[in-house]
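Quick look at what TrEMBL lists:
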DOMAIN    490-740  domain 'G-protein coupled receptors family 3 profile'
REGION    743-767  region 'Disordered'
TRANSMEM  492-514  transmembrane segment
TRANSMEM  526-548  transmembrane segment
TRANSMEM  560-581  transmembrane segment
TRANSMEM  602-621  transmembrane segment
TRANSMEM  648-670  transmembrane segment
TRANSMEM  682-704  transmembrane segment
TRANSMEM  710-732  transmembrane segment
Amino acid sequence: MCDTCSYASKALQSLGHILGVDASINVTSNDTEFRPSVKIILGAQYSETSVAVARLLNVYMIPLLSSMSSSPELSDKERYPVFLRTIPSDIHQTKAVAKVMKHYNWTWVGVVYGDDEYGKAAFQSFLREAEDNSVCLAYQEVLPHYLDHPHSAQIVKAVAEKIYSSNAQVVLLIIKEDLVELLFKEMIRTNTTKTWFASDVWSRSVSLRHMKGINKVGDILGFSFITGESKSFDTYLENLTVTPGGYNHYIEKYKSLIYNCTPECLSSKPPSHCHSSDLAQMNHDKLCNFNSSEEQSDYLSSPVDTSLTFLHRVAVRSVAHALKKLLKCNSSSCSGDLNFAPWELLKELKKVKFGYDKMNFSFDQYGDVESGYELIKWEKHGERRSLQRIGEYSVLDEQIHLSVENVFWYSSGNITVPQSRCSPSCRHGSVKKILNVSCCYSCIKCLEGTYSDALDLDECKTCPNDTWSLKGSNSCSPRLESYLKWSDTHPIVVIASAAFGILLLLCTFIIFCVYRSSPTVLQAGWKLSCVMMAGLAVSFTSVLFFWGKPNLHLCRSRQVIYAMGFTLCVASILVKAYRMFLEFLPFGRLKRNLFTLYKPPVIVSTVTTGQGIICLLWLIFDSPDVDEKPPSEQSMIKTLQCTEGQTYIGFGIMLSYIALLVLVCFIFAFKGRRVPQQFSETGQIIFSMLMYLFVWVCFIPVYITRNEEATLLQASAILVSCYGIIFCHFVPQCWEAIRRSRSAPQPPNGLRTRNSSRRSRSFSSSF
């Protein structure tokens, strides 16, 4: 048994004494035939020591079985074929550490590692795992692995200053126990509180748990290897007593180093004042009594974490099973050759499979045992710390299994997990905008039509169909539909006006029926007036299709109904205007030629059919549709209105066709304006056509803006146009018919008047 003193050079020196003769190792031409008395080496604790020893043992193929060295480098069987261990590789530990950090959302951490083989390999492994789990490094500091480094104190202070000044609240320490103690002393001196993540090297350290002021450094958690029971060994140490009259030099030296129980101290001070270590303060005053076995029942077990002895027992049992197989042992004897080569034992050792303490053990292809890790947290227990198991990590499924969900955190003073982030969380409605490092970002709001419903999303989610969101929203919802409802004030007024207009037409029709034989009705043309009234009634009816929730059929029908109805009315007025124009043309060839074209049914049918063809082509090639676009992206209200096609060409041609008819009517009426007033409708036609042109010229610029009032404006324009014809045409005619019926008819003043009246009746009777 050799103490390496944590130095690889010391281990190699001891190895030379073990394998050599007279402190030298024999050099042979065939190392496979080398038969040393030592067939296997158990150890060492630190990976850099095992690396140095394994390199030398590779030459002689002597197995090296460790219970503590976890460096990933030692899994390389091409470089270290003789090395085996009863624990997993640090590759799994760093993966577990990264997963725990991800679980607690610690994305901004600091790392302090040693410059030895173990520290470097573990750090590089953690870098890869951290990247895979979205964990970023705020800083990375290196400490010398040996304490007698000339600048170790300055380096530790510099690292402590870096930890103190950094905004990273979680620090991973991949260093030896002695370096952790130096670093914690600086933290206690500067009153720095962090959350510390321990590697397996010091995660169960008894001396650190009993360190003075350890409760001031903050939360400490880390991974340790899964172990079994060690009660039997604890009992053995507690029952180990000194033989009466005996003296154990090593035990006394141990007590003097740990507890300062030197004769010089005891000669001048009471035993309670001779305790130099923090651990000794937890023991009885009579601990330094060399002759009292009652007060020394746990002085051997209390400074040591005996749970790790389980791993050493596993190593010993592994060797025992390999020897049993190699030496062909049964329950009473072994028939194999005891002078076997070390490589033979190595071969059998790799194939060992056995169960112990309800656990199964075997070596994988890398010489590791995939047992897993315990996640432990250091809980306050008076002035020291105790270990609490809060979960475990399975190497096989690579998952963290927490047994204690609501962990008490000293950093926050409750069960709230302390945060360690480069940037604050981006709340709902915003996403991360990465800066220089992936974990450092600013928060920007989601644009319109997108949302974020969780913290720290990388990008906004697009709203599903038929839903929308405003800027910075955390959810999407259907837009409120806005349209002119039947119950709204404006539609009620317009519908009432349309109903009143239809009522006026009905009254006009009754009056025309009653006074059908009167000169006024005869002059206006009974049948032609009825066609005009029908066209106006259809136009009034089209207004009803402008309200309610728009749909495809509603948008198509309302414009067509209005176009056909009003065209029918204007076509009838065109016949009247053409008649007045012909009646007062001078007799001649032109008048006779134009008179042959005067066929009221043909004119009305042709003109109306022309509008029908325009509407049909419009519906086929550029049909009206429903426009559901919101007024702006920052609006949750969706205005539903009809759009008159994509290009508005059909709508424009339809209105232009009516405007052309109105203009022709105006020209004909203006040409025939010199007719005697009592027989002329030219004034009525002129004013009604001018009113139509004025209304629609004002309407078109407003309609082009496509605002919500466009529907209301068009309906109003239709009403004004229809009322213009009613009040310019039918109201004066009704009044004239009623007035004339109440007064006796007067003889005409002249022959021209009689001829004109007779000629008007002859024109009127042609429809």
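Heads up, the Cβ atoms here are built off N, Cα and C, so glycines get one too.
The structure displayed is predicted, hence computed values, not measured ones.
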Whether the transmembrane segment (492-514) meets the transmembrane segment (602-621): three or more C-beta pairs under 8 angstroms: no
Paired segments the transmembrane segment (526-548) and the transmembrane segment (710-732) in contact, 3+ CB pairs under 8 A: yes
Stretch-averaged pLDDT - the domain 'G-protein coupled receptors family 3 profile' (490-740): 85
